[in-house]
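Some features that TrEMBL has for this protein:
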DOMAIN    16-473  domain 'Aldehyde dehydrogenase'
BINDING   Ile27, Asp93  K(+) 1 binding site
BINDING   Gly149, Ala150, Trp151, Lys175, Pro176, Ser177, Glu178, Gly251, Cys283, Glu381  NAD(+) binding site
ACT_SITE  Lys161  active site, charge relay system
BINDING   Val243, Lys451, Gly454  K(+) 2 binding site
ACT_SITE  Glu249  active site
ACT_SITE  Glu249  active site, proton acceptor
ACT_SITE  Cys283  active site, nucleophile
MOD_RES   Cys283  cysteine sulfenic acid (-SOH)
ACT_SITE  Glu458  active site, charge relay system
Amino acid sequence: MKAQPKASHFVDGAYVEDKAGAPIEVIYPATGEVIAVVHEATAAVVEAALASAKRAQAEWAAMKPVERSRILRRAADMIRDRGDELARLETLDTGKPIQETIVADWPSGADSLEWFAGLAPTVTGETVPLGRDFVYTIREPLGVCVGIGAWNYPSQIACWKAAPALSLGNAMVFKPSEVTPLGALMLAEIFVEAGLPAGLFNVVQGRGAVGASLVTDPRVAKVSLTGSVPTGRKVYAAAADGVKAVTMELGGKSPLVVFDDASVEDAVGAAMLGNFYSAGQVCSNGTRVFVQKGIKARFLERLAARTAGIVLGDPLDEATQMGPLVSAAQLEKVLGYIATAKAEGARLVCGGGRAAPNTGFYVQPTVFADVTDGMTIAREEVFGPVMAVLDFETEEEVVARANDTEFGLAAGVFTADLTRAHRVIARLEAGTCWINAYNLTPVEGPFGGSKMSGVGRENGRAAVEHYTQVKSVYVGMGPVDAPY
Ligand code: NDP
């Protein structure tokens, strides 16, 4: 199995190679085999990417928004036309089952390009009358934006950052995670085929140091990171030094609260989606499932039965519902959390170990019950198919316990009581919430976290605030009234 890209980087409208950079092996997580090798960007590659972005951005910003949008819409159409091929590449890069990548990853990226292409031409300023004089405002692009991606949704993340950035007149230099470097290169290639001028979307490969060199460059106006809280802290601090704008999409330990009156099947289905989709490697997952005592037995019974039916296997087989974790390192990390959960007294309901085939990084879908708030599994982000079920009795109690975390990315509530649903959601400290649903993230809705889970929002109209700045222009219409 090979998925070797034409070259490691995409700079100024073309593939670029520089083998002086350290090699990065791309591993297919289902088998452990090396499917491609790319090289880390050297300082020369980073410089070329930033210089071309800076040059291209000025002309791009001067174009009419509808002209920019036409190109992005074409790119969205091309992504949809090439859906099968792109899904296969995403599966090779991440190990996620093709039944997911064909509907979720690139399709969500295409949605985002299409939606921001539609929105951008409607973004206008305002006029503020001041009697004789007036103020008007212009929403201007920021300039060169840096995007840094995580490995769980590599192509979706690249699109979610590129779509608002480019549609609103910015340029982007994107650094994918070293674990999943392939999808962003395809996006760059598609953009150029769709007519995007050279230099507006560059991809440079590398580990954290390459990301850090982008963040500190004075030509960069904004940094958008999707990653963990520790990395977010470092990148935010580096950006602050240059007083740059940031969007931080970081980790979570989100509560999913199931009240007694909820539909058991719907709540179980949502808890499974919110813990097992993408083998649990989703930042907004509801990994603390609080179940009210009256429904607990039925919930766990249906959860165990339905979890036992999950089909693990070859990610390229359309029947496979769960693939491996993304890397050997992630496998070790998740197995470590499972061992700790057992040692700390959580009750294993199902799963709890590696799954065949052992050449791949597979973990069984795992459920722990009787989890208490202090256990490691209830406090730290696992990023694997491991669900923690906690019991609760009252609304007041569950709200306090759900909020007792440094994270604030997402939260969900299942109940048939309309007023309780809204009352509880209003009190949960999280940026992205669901009522009787979980983990649906349409591009139309803002997405992001509060507390340590992030700063800023992706998607929705809210993203416009984070990829533009307001210029305020005072217009004097009469003589200047100076006291001198
Ligand atoms: P990391 O935080 O390890 O890395 C994120 C990205 O930052 C990678 O591209 C990484 O490069 C890069 N990076 C690392 N150090 C630096 C640095 N000092 N300066 C600049 N860039 C740097 O996250 P993972 O890739 O392991 O992804 C998993 C995490 O992402 C989870 O915690 C998850 O919750 C979070 N996440 C958040 C989402 C959200 O929207 N809120 C969505 C998806 C994931 P490299 O990998 O090459 O070292």
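Yeah, the Cβs are placed from backbone N, Cα and C, and that goes for glycine too.
Since the structure is predicted, the reported quantities are computational estimates derived from the model, not experimental observations.
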Rounded to the nearest Å - Cα separation of Glu178 (NAD(+) binding site) and Glu249 (active site): 18
Where the record names Gly149, Ala150, Trp151, Lys175, Pro176, Ser177, Glu178, Gly251, Cys283, Glu381 as binding NAD(+), the maximum Cα to Cα distance in Å: 23
Listed recorded positions with Cβ under 6 Å from ligand 1, out of Lys161, Glu178, Val243, Cys283, Lys451, Glu458: Glu178, Cys283
Of the recorded positions listed as Asp93, Glu249, Lys451, Gly454, the one whose CA lies nearest the CA of Gly149 (NAD(+) binding site): Glu249
Candidates Ile27, Asp93, Val243, Lys451, Gly454, Glu458, namely the recorded positions, that fall within 10 Å of the residue listed as 'active site' by Cα distance: Gly454, Glu458
From binding-site residues Ile27, Trp151, Pro176, Cys283, the one whose Cα lies nearest Gly454 (K(+) 2 binding site): Cys283
Recorded positions clustered about Ile27 (K(+) 1 binding site) [Cα within 10 Å; pool: Trp151, Lys161, Cys283, Lys451, Glu458]: none
Cα distance (Å, whole number) from Asp93 (K(+) 1 binding site) to Trp151 (NAD(+) binding site): 9
Glu458 (active site, charge relay system) versus recorded positions Asp93, Lys161, Pro176, Val243, Lys451 - nearest by Cα: Lys161
Cα separation, Cys283 (NAD(+) binding site) to Val243 (K(+) 2 binding site) (Å, whole number): 27
Integer Å distance between the CA atoms belonging to Pro176 (NAD(+) binding site) and Lys451 (K(+) 2 binding site): 25
Same-chain residues at least 6 apart in sequence whose Cβ lies under 8 Å from Cys283 (NAD(+) binding site): Ala150, Asn152, Thr226, Glu249, Leu250, Gly251, Gly252, Glu381, Leu409, Ser453
Lowest local Cβ density among Asp93, Glu178, Glu249, Glu458, which the record lists as recorded positions, within 10 Å: Glu178
Which of Lys161, Lys451, all recorded positions, has a Cβ with the fewest other Cβ atoms inside 10 Å: Lys451
Ile27 (K(+) 1 binding site) CB neighbourhood, other CB atoms within 10 A: 21
